[in-house]
Every structure is written in structure tokens, then in C-alpha cells.
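Have a look at the structure below before the remarks.
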């Protein structure tokens, strides 16, 4: 596979979801217009918010949309509702699948494999589950995946719970899965920190997609 250039952003600050979503859309449109433009990777943390996919069931929100205490965004991705917050590492990939494999199922499974490799680096045993998208430790979900795709240019990506307030998931039915238990990496490896996980995420994505990263 020929190496592709990808712009990578790894902010140290906690980012507002909508700002980063708009940035993804800009890079997606740039690739649609000219696929010689670089792919785009964003790795960071968000302020507390909830996001829903295109066909999400609002019944999976256990609070009123009229409640101003919650930031809710309906976005261009599959899947049901999830939660983002500090202490959770989010990775967005805006890339041209025509350069890899024009198969969304392949891409979802590829992301699961990447997450399993990331956690394996920290000696955390985890797995995917037949019939579901994401990664689990035992019966607890540790990572969620949601993607959108337009003309084979992807958007959104995955989140891994590192050391976040899992109680925030009690406000929703996570990913539409009843009685879904969530987990943090820190509960399985006390020695890790989010900056080290971020470094490993970057490394494994670079290896798996043969990227030449350019910071911007």
C-alpha cells in the first residue's frame, strides 16, 4: 500500500464537539473535491456532550431535549446515542476509502482491530462481539464506534474510555443497548495516562493505514 499524507491534530485542551465536527466536515468536503488532498486525523477530548446518529431513537435519551443542562448533537454517522466527556479519548478519521477498501463493514472491523491493538499495548484483554459494533472487556463496553461516509470519504470515528465519569452514560441507553455496562481503561491498568494512550493511538493508526503524518 502506498503511503498517504494525513494531517494530524492532537490538541491538549478539551475541545467543544461542534467545533471539531465542523472541522471534520471541511476536510471531508476538501477530499470530495480533490482526493489528492491529505486525509485528516483528530485525537483529543471533548467537553461533556451527547451525540446521536442519523437514525437514532430519541427514546434512548433519558432526559428532555428541552433541558439546557445537556448539549446534544445529531450528526452524520450511523449508530445510536453516545456520550463524550473529558477523560475519554476520541479519534476522528476523515479518509478516502477508495485508497484502502470500498467496504464499510471492512472499515468498521478494521477500527475494532485497531482498538484491540491499542488496549493490548497496555496489557488489557478485550474483544469485539458478534452482532455489535465496538469493543468490550468482558461484558463491559470500553470503546464505541460511529462513522459516516460520503462518496467513500469517511467522517467521525471511535472513542475509548480512559478515565472518565462513567455516570454520564446513565443519562442514555448507550448505543441503544439496554443495560449496557461501560468500563474505563484505568480500571484495568493503573499505570496508564491519557497522553500515553494518545501516543499509542497515533502510532497504531499510522502503521495500520500507512500514513505519513503532518502536523498543522
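Just so it is clear, glycine is given a Cβ too, placed from its N, Cα and C backbone atoms.
Feature list (source: Swiss-Prot):
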| type | residues | note |
| --- | --- | --- |
| ACT_SITE | 175 | active site, acyl-thioester intermediate |
| BINDING | 77, 78, 79, 80, 81, 82, 83, 84, 144, 145, 146, 157, 158, 159 | substrate binding site |
| DOMAIN | 35-213 | domain 'BPL/LPL catalytic' |
| SITE | 141 | site 'Lowers pKa of active site Cys' |
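The candidate set comprises the binding-site residues 79, 146. Of these, 146 has the most other Cβ atoms within 10 Å. Sequence-distant neighbours of residue 141 (site 'Lowers pKa of active site Cys') (same chain, 6+ residues apart, CB-CB distance under 8 A): 134, 135, 174, 175, 177, 180, 181, 182, 183.
Remark: residue 81 (substrate binding site) has 50, 51, 52, 53, 56, 60, 61, 172, 173, 174, 175, 176 as non-local neighbours, by Cβ distance under 8 Å and separation of at least 6 in sequence. In sequence order, 48, 49, 50, 168, 169, 171, 172, 174 are the residues of the chain that are 6 or more apart from residue 83 (substrate binding site) and have a CB within less than 8 Å of its CB. Here the binding residues for substrate are 77, 78, 79, 80, 81, 82, 83, 84, 144, 145, 146, 157, 158, 159. Their largest Cα to Cα distance works out to 16 Å.
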